[in-house]
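> Next up is a structure, given as structure tokens.
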Amino acid sequence: MLKNVRVLGHFEKPLFLELCKHMVFQQFQQGEYAIRPGQADNSIYVVQDGKLELSLVEADGKEIVVKEIFPGDSVHSLLSILDVITVSDRGFCMLTD
């Protein structure tokens, strides 16, 4: 399955195998956050089962779902770059569904 993930499928086999050595599998319960605003964002998340919702958090705390991530899809948690591009102080979070 991992070779079918777009972000990983472009690497040559030796690099891909090296990356696989550093993978950590995490399991989340429905409604549990994978990332909250302010947490370190130095990972790539690949959905194996279920769905993730990528949300922006407004100043009033309201969450707005901007993307749903399904099995085989990936999310680069370096999404804080959105704050730089939009000059926004809003955080983002990923909630399992």
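Heads up, the Cβ atoms here are built off N, Cα and C, so glycines get one too.
If you look up TrEMBL, you'll see 7-78 marked as domain 'Cyclic nucleotide-binding'.
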> Please work out the helix, strand and coil residue numbers for the domain 'Cyclic nucleotide-binding' (7-78) from the DSSP assignment.
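Split into helix, strand and coil, the domain 'Cyclic nucleotide-binding' (7-78) gives 13 helix, 22 strand, 37 coil.
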> Over the domain 'Cyclic nucleotide-binding' (7-78), what does the predicted model average in pLDDT?
81
